[in-house]
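Participant: Quick paste from TrEMBL:
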- A:12-35: transmembrane segment (TRANSMEM)
- A:71-98: transmembrane segment (TRANSMEM)
- A:75-283: domain 'ABC transmembrane type-1' (DOMAIN)
- A:110-130: transmembrane segment (TRANSMEM)
- A:142-162: transmembrane segment (TRANSMEM)
- A:183-202: transmembrane segment (TRANSMEM)
- A:263-283: transmembrane segment (TRANSMEM)
Amino acid sequence: MKQKVTIGNLSFSVINSSIFILFAIICIFPLYYIFVLTLSNNQWAASGALVLYPKGFHIENYVQVLKLNGIGMALGVSALKTVVGTAFTLAGSSFLAYLFTKPNMFMKKFLYRFVIVTMYFNAGLIPWYINMKNLHLMNTFAVYIIPYIVAPFYVILIKTFIESIPKALEESAQIDGAGVFRIFWSILVPLSKPILATVAVFECVNQWNNLRDNLFLITDSRLNTLQFVLYKFMSEADALARKIMVDGGASLSASSFKLTPTAVSMTIAMVVILPIVCIYPFMQRYFTKGIMLGAVKG
Amino acid sequence: MSSQARKRVVTVSQREGKKLFYLSMPFILLVFVFSYLPLYGWIYAFFDYKPGYKLFDTEFKGFFFFKMLLSDPMTVDEVKRVMSNTLGMSVLSLFVQILPLIFAVFLVEIKFEPLKKAVQTITTLPNFLSWPLVYAFAFSMFSESDGFINKFLMHLHIIEEPISLLVSSDHVWLTQTAYLAWKTIGWTAIIYIAAVTSIDNELYEAARIDGAGRFRIMRYITIPHLMPTFFVLMLLSVANFLNNGLEQYLIFQNALNKDSIEVLDLYVYNIGIRNGMSGYNYSFATAVGILKSVVSVALLFSVNYASKRVRGEGII
């Protein structure tokens, strides 16, 4: 009897684990495949050979892609907007969240709703576009930063967290003569590190991944982000690839390092994804906490 | 405390309350400017706006574009097509909502910690990829000329000619839902995993003593405890029924799959911004956007009402 149960359990475990391993492979395999592809001989890759590990290893793709017109610049813009944007969002949303934890704030309830409701409605694409135009934010770096300073979802998360910190700490600082800013900066910010870290990761990824602003509001190529460059290349890659095939591949055989459209877009994809893959595993433990706090509110 | 002193405390508190109010004003102003001010743009739907003109120099049309949306035969056909795409993919994604729950219920059954951690880390990763990246992934897997799947199947001589998986209009709803599922399952599952770990262990022990097997425990303990979370997430996605995102469909859109991939958001973009701001498009696109926003808000409130009735707690 007991033996039978163990066999059942064992087969359950094996099947269960296998399915999860399979799903994990489906999640990670494209990343691995692109990585191998960018390190392999482009000519082979383009000729239809199956590449499962780097064949004809070289890093020329990366060297060439970073030299491509605009990519270095786009990398810089993406990095800058991620750092600056995250800093502003973190400062703005957490300070506002702190104000909302004060019971004696004038019109607190109304203002809180005024902010939170914007999570659920928007005027629509065209009015949003007109608004940005009227504010003269088109083609400015500020358009990447200013609209995101107050993020309602983060305000909820941080407010919930600050409310769980004992009020006595704040009160004793107040008695010692600390003002609003002082209490916020020296007492609440250090104590709120877990939630601030969560929000920082969320916002970093948002900023790094955001395509919308660049797509609609920026025509100045000096302000292009890496995501936009990737989007541009991807939307043209298939057409370009066919064109090269029609050329008879004459241009391809010249050098094994010759950039193909696919190689370029795949290499850009790797450049875009690399920072995420590097930072992500270290930050992962914060997500559960952050999400749980969000789930409490629903 | 004397009444005088109490009064002083009240006024001090009031003064501080005012101060906090003023401190919040810059942020409230930002919210106003970026979330409420755009509503002014709705006025464009009531004029026959032509780019280059001042709004009030163009002809006032009243509800013309709204009427057109509902009565002009050609437009109605378009709107029907777009609506069926929007609703079709939204309904499919509602069915997908059940997957993270199943994912979480079975993941906690893995007893080998490192494997569990690894699976969780890897399956959450796609959530952090932008849609251009997801497209790059899809391209590397399914493209006709370079895709892994085609190369692999041809390598094994299962197929002779590459199949075109990205540019075909067949199964667009299914494939797009699959991309969405791939991207979000692991991430959404975190919420359920968090909920599972908060279930009282004594319940499990009691059930085991009573002789319940693995599946019975899942059915009678784990899943019922996850239902409130499931319910909230389901309601939120119903409230977002018409907002199934622009970027995904914009990026996967091409000449061949356009008819079945064009959802409301993408339609507004295609007629309003992409096709240039010529003719009636700008105003018409705004009108479509307004109807969408109104229906969305109505959905949100009805869902919130339903939630209050069922759970005694709203989601707003």
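Positions of Cβ are set from backbone N, Cα and C atoms, glycine also.
Whatever TrEMBL says is automated annotation, not expert-curated.
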Participant: Should anything in the same chain at least six residues away from the transmembrane segment (A:142-162) have a Cβ under 8 Å from its Cβ atoms, list it; otherwise answer none.
Facilitator: 81, 84-85, 88-89, 91-94, 96-98, 100-101, 115-116, 118-119, 132, 188, 192, 194-196, 198-199, 202-203, 206-207, 210, 213, 217-218, 290, 293-294, 296-297
Participant: Quick test of the contact rule: Cβ under 8 Å, at least six residues beyond the ends. What residues does that give for the transmembrane segment (A:183-202)?
Facilitator: 86, 89-90, 93-95, 98, 154, 157-158, 161-162, 165, 169-170, 173-174, 279, 283, 286-287, 289-290, 293
Participant: What same-chain residues lie close to the transmembrane segment (A:263-283): Cβ under 8 Å, and 6 or more beyond its ends?
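Facilitator: Beyond its ends, the transmembrane segment (A:263-283) has Cβ neighbours at 31, 34-35, 37-38, 42, 45-46, 61-62, 64-66, 68, 71, 75, 197, 201, 204-205, 208, 226-227, 229-230, 233-234, 237.
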Participant: Can you tell me which parts of the same chain pack against the transmembrane segment (A:110-130), counting only residues 6+ beyond its ends and a CB-CB cutoff under 8 A?
Facilitator: 96, 100, 150, 152-153, 155-156, 216-217
